[in-house]
Amino acid sequence: MLLWLIIFVSGWTLSLGSETEPDFTWHLSRIPQVVSEKTIHLASPTFQADAAAVKATVCGIECQEELPAPSLSQLEDFLSYETVFENGTRTLTRVKVQGLVLEPTQNSSIKGARPRRRRQVYGTDSRFSILDKRFLTNFPFNTAVKLSTGCSGALVSPNHVLTAAHCVHDGKDYVKGSKKLRVGVLKMRNKGGRKKRRGSRRSRREAESGGQSPEHPQESTTQRPGKKSRRGPRVAQGRPSFQWTRVKSTHIPKGWARGENGDPALDFDYALLELKRAQKQQYMELGVSPTISKLPGGRIHFSGFDNDRDDQLVYRFCSVSEESNDLLYQYCDAEAGSTGSGIYLRLKEPGQKNWKRKIIAVYSGHQWVDVHGVQKDYNVAVRITPLKYAQICLWIHGNAANCAYG
């Protein structure tokens, strides 16, 4: 009951303030279009990179303030993208940006009311483990997924998961295990300790073999000698377990997948995974990230699978302290495993009384950033800007015609 009050009542109390309250509404506007120009076949990756939270030191908000705004050709290069398929083949798609008005200004930052703090879990842990199936199997918590590489992600369509790029690629190569990448969705078990399974025998075998938790690879059921069992381990009735689905293809912006041409840019630490099987639960739509002043209470929300809470979905909310054009610094208590989670807001629908949640950033994790020549680590999220919205929308729909507004 306490969790319910925290999640839902907070939105109602915003309307009880003064008449000068900000307009917390999703405002749709025409955005630039990212259009595919040509696709080039590349050599297959080796899938030998080690999965890590971040590669070296990245350019954070203070570092970005000293950089000039990128040109149109640079943006088109950053937004061009790699696609790697389940059979190991890889392509590079060059894009063109249409309808963009460039502003000849440097990257700017906006500071919140509070000074930033170094990352850790402070005093009383403010995270909530979602254990009640009434929450766990319902929106918005059922949009959170787990990657077999150890990260989290968010379902943004029946067939697509948004996550952090570093969960599958270190900037030079794809990480070990990403060639047979799987996505796990928490499901409740039915009577008898098994979840319902539909579809072909082949897809069931994939789900069951993939459903073996990476943390417990040796679990198995008793079987007759000489006969292979296709059935996964039994789970106690009423307990959630992961249903695993193979990833069909992975899209990563060239701003992150630099190869030998440079270090990955933190601004582009996001990736989209296309699943082999559509998911039936409700997904969360994308939204363009508003400024701090447009956040109700200055807060953001996200749920993920923190490593210190074994296979539990963990929810948290916190304040944003500072933002640039592409990044957010925030105070959320989080541990490894939650990176890649979709950060969302709850704002009003235009012209309606209804409130709607949308994903406006991807949690990149505890990153080492360059702050005036000194290395410091902070909680960082990558904002979904109009251009990134257009790019991710192109990945989801396959054409720019469906991505005119965001």
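Easy rule for this one: first residue shown is 1, then count along the chain.
Glycine is no exception: its Cβ is also placed from the backbone N, Cα and C atoms.
What Swiss-Prot lists as signal peptide is 1-17.
The annotation N-linked glycosylation site is assigned in Swiss-Prot to Asn87. Following the DSSP three-state reduction, the secondary structure of Asn87 (N-linked glycosylation site) is coil.
The domain 'Peptidase S1' annotation in Swiss-Prot covers 121-401.
Under the heading disulfide bond, Swiss-Prot lists Cys151-Cys167, citing similarity to another entry as support. All chains included, 27 other C-beta atoms sit within 10 angstroms of the C-beta of Cys151 (disulfide bond).
What Swiss-Prot records for 186-248 is region 'Disordered'.
The annotation compositional bias 'Basic residues' is assigned in Swiss-Prot to 186-204.
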Could you tally the C-beta atoms, other than its own, that fall within 10 angstroms of the C-beta of Cys167 (disulfide bond)?
30
Helix, strand or coil by DSSP: which one applies to Cys151 (disulfide bond)?
coil
Pairwise Cα distance for Asn87 (N-linked glycosylation site)/Cys167 (disulfide bond) [Å, integer]:
19
